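This report concerns only the one structure given below.
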Amino acid sequence: MRFHDLIRAAENKYNRLLTLLILVYLMSPFLVEQSIGAVIVLLVFLGGVVIVIHQIQHSQWALRMHVSLVFLALLLRICSDLFAHLPNDRRLLVTSSTAIFLAFLALSVYLILRELALVEQVTTDIIKGGICVYFLLGFLWAGLYEIVYSFDASSFTAESTPLTRADLTHFSFTTLTTVGYGDISPASRVARVLANLEGMVGVIYPAVFIARLVGLYR
């Protein structure tokens, strides 16, 4: 691929977002367990999504909303590291940060899906947007599992415990893709319901939505 082809590909917003999501997915297992690494990954991830969402939703209100959510999530995550010696306070801060992160992801998924559903001409970049949503759903459910696990460590059974954020992300994507290695299993009712819902989304979304985009591609 020539240099100008790379530049042209980088101009497509979903090309950039998909590349970012893949890099975050590949790097996060090695960085998220370190305080500074987790903040860097979160900042890069959220910042990249904000840029793409701003290209979709050209309104200052939407931009301010996303930036505010990013700022709050990062601030609470940093504060949680400062209160590491106070487990209860730290758990509250981490849970609050994760909840804001989930709100950010849910809003982003909605805005992207809305654009994909209303688009008149399906291009390769639009199809990549559908794949981006698939990745975002995996990260969204990983955050839900993290909140459940923070309140009840027996919500999941695993070969090695305690589970880390990387472990829960691994469980989320194996559930979303319906691979299900069995190394981590949901044990509580809430965890099982969430896992079942994610499994259904992982089957229905590609079969219906992605297939529709591919069918409309010209």
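Placed from the backbone N, Cα and C atoms, the Cβ positions cover glycine too.
According to TrEMBL, the features are:
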type	residues	note
DOMAIN	151-214	domain 'Potassium channel'
TRANSMEM	14-32	transmembrane segment
TRANSMEM	38-56	transmembrane segment
TRANSMEM	68-86	transmembrane segment
TRANSMEM	92-113	transmembrane segment
TRANSMEM	125-144	transmembrane segment
TRANSMEM	199-217	transmembrane segment
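Remark: secondary structure over the domain 'Potassium channel' (151-214) totals 42 helix, 6 strand, 16 coil, with classes taken from DSSP. Of the candidate ranges 14-32, 38-56, 199-217, 14-32 has the most C-beta pairs within less than 8 angstroms of the transmembrane segment (125-144). Counting residues 6+ beyond its ends, the transmembrane segment (14-32) has Cβ neighbours under 8 Å at 38, 40-41, 44-45, 48-49, 51-52, 125-126, 128-129, 131-132, 135-136, 138-139, 164-166, 169-170, 173 in the same chain.
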